[in-house]
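As annotated by Swiss-Prot, active site, proton acceptor applies to E12. Here Swiss-Prot flags G78, I152, M173, E174 as substrate binding site, drawing on sequence analysis. Per Swiss-Prot, the feature active site, proton donor maps to D197; the stated evidence is sequence analysis.
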Amino acid sequence: MKIGIIGAMEEEVTLLRDKIDNRQTITLGGCEIYTGQLNGTEVALLKSGIGKVAAALGATLLLEHCKPDVIINTGSAGGLASTLKVGDIVVSDEARYHDADVTAFGYEYGQLPGCPAGFKADDKLIAAAESCIRELNLNAVRGLIVSGDAFINGSVGLAKIRHNFPDAVAVEMEATAIAHVCYNFNVPFVVVRAISDVADQQSHLSFDEFLAVAAKQSTLMVETLVQKLAHG
């Protein structure tokens, strides 16, 4: 099995990258892909860049060039569920765009023409992630993750997301674009991110302060998940 891992920022991939043996670097389309073995398992780690276009471009290049069997999207996210705090884990059961609106033509809010309203994560990957969470004794929430090209740190943006997606557990800027590409390629995916901030008016301050905490937690989760997927 070859496992594809996608993170947007240097801070979100550096700990994992340092653990890859026999590492080689591929630069394509402004993205960097690091291939090798993570604890004996073949991996391809993508640093995509921030935002939906960068994530979709990177995911496409990763899938075409490295042919992974599954995709794990890792990194940080803003917490929406009331039980979440910095360092906690969110696992996707679905991903949707929070900034797409073609409802004038009868589509659901967040749905693009020719696409489902949401992109479902793979049940087996979800189950494996939840098993890792129990083993590591981490606090985690599974649910809807929403994505858009905006960092949410104000009451207006937050209120709009809560109104349109009352069940969303986290918000970030890449996951749904990655899920969209995986849907088109028919490749299983799951989003496993750590909370770096609570999506409120001070989130930009807590994000800078706690990004390292989120990166450490998400790296721990992904490393454990890779082991479980490879060896059961």
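Using the three backbone atoms N, Cα and C, a Cβ is placed for every residue, glycine included.
Structural mapping of features recorded in Swiss-Prot.
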residue	record	CB count, 10 Å
E12	active site, proton acceptor	25
G78	substrate binding site	26
I152	substrate binding site	25
M173	substrate binding site	23
E174	substrate binding site	32
D197	active site, proton donor	25
Max pairwise CA distance, angstrom, over record-listed substrate binders G78, I152, M173, E174: 13
M173 (substrate binding site) to E12 (active site, proton acceptor) - Cα separation in whole Å: 13
Using Cα positions only, nearest of the recorded positions to D197 (active site, proton donor) (E12, G78, I152, E174): G78
Rounded inter-Cα distance in Å - E12 (active site, proton acceptor), E174 (substrate binding site): 13
Mapped DSSP class for G78 (substrate binding site), helix or strand or coil: strand
